Amino acid sequence: MITRLKNWPRLLKTPLQIARHSIQQFSHLAGHYERPPQSGKSSRDPYLVTVVQGRSKKPRFPGERANQRFGEDSWFVRSTPLAEVMGVADGVGGWRDVGVDAGRFAKELMTCCSGQTQRSGFDGRSPRNLLIASFQELTHREHPVVGSSTACLATMHRKDCTLYTANLGDSGFLVVRNGRVLHRSVEQTHDFNTPYQLTVPPEDRKECYYCDKPEMAVSTRHSLLPGDLVLLATDGLFDNMPESMLLKILNGLKERGERDLLQCASQVVEKARELSLNATFQSPFAIKARQHNVSYSGGGKPDDITLILASVEVQSA
C-alpha cells in the first residue's frame, strides 16, 4: 500500500555509507524588511527593495518572526556600504528525532553570516567565502550548536550591479527578468530528500552524519538590470510550487514598492502553503519521489516556507 511519506532521512547516512566514510577518512507571515541607511553609498547606485515572508509548518513559539525564524528555517538581510546581502537556511528536520532543535543551527548560521558582513573589507563579491567564514565561526565556538542546515546566500554588489550567489543543498534562488527565469539554482543532494548540509555533529557520532563543507557550495555570478527580481527560498516553496505557477504570481506585479512586493510574496507563500496541504496535487516533491522510485501517494509536502523577494531599483533622476 502506498502512503504519503511522513519522514525521510535527510540527516543520517546508511550503514554502507558509514562504512565508506570510514574507509575514505584518510583520503506565521513576516513583515517587510526595512533597509537601514548606510554611509558610503552613491545615490545613483542600484539597490534592492527587499521583503521577507514565511510560514511555519506549525506554530512553534510566539515571536519567531522577530527572531528571524519560520519553524526550522532561518534568514537574514543586511545592507552594507558596498553590497546588499541576504540568505536563507533550512534546519534539517531529522535532528528532532534525537531531541535537538532542528532550527537552532540554521538560526545561528544566519546570525554568523549577518555578523560577518559587518567586518572590515567585506565587499560582497564572494558569498561562498562569507559562508566559509561563518561556518568556521560557528564550529570554533567553545560550545558549538549541534545540528545541520542547507544554506543559500546572495549578494548584490552595487557598483557593478552584479549578483553573486553561493548555494549548498536544496534551498535556492531564482533571477527573473521580463517575466522569464534568467537563472535558477540547482539542488545538491546525496539522495532523495537528503540535501547537502553543513553539520556540527555530536562528538561521539561524527561518522554517522553527512558533514558537507561550505567550499562545496555552488557559486554563480549574474549581471542584473533595473527591474530584475531576485528570489531566495527554502525547499518548502520549491517542493510545492511549480515554476510556472510561481512565475504567474510574480508576473502579476505592476509596481515595485515594498507594499507591492510584500503582497506578492504573501500570495506566493500562501499558495505554496495551500499546495503543501493538498493530498492530490502533483507537486514537484511528488514528481521527484516518483523519479527516485520512492513510495509516495502524491500531493504536497507540508514544510516550513521562507521567501526573500527583492527588486533591483535605481534612484530616479
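Heads up, the Cβ atoms here are built off N, Cα and C, so glycines get one too.
Features of the protein shown, as given by Swiss-Prot:
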type	residues	note
BINDING	Asp90, Gly91	Mn(2+) 1 binding site
BINDING	Asp90, Asp235	Mn(2+) 2 binding site
DOMAIN	46-312	domain 'PPM-type phosphatase'
What does DSSP assign Asp235 (Mn(2+) 2 binding site), in three states?
helix
What mean pLDDT score does the domain 'PPM-type phosphatase' (46-312) have in the model?
95
Taking the Cβ of Asp235 (Mn(2+) 2 binding site) as centre, how many other Cβ atoms lie within 10 Å?
26
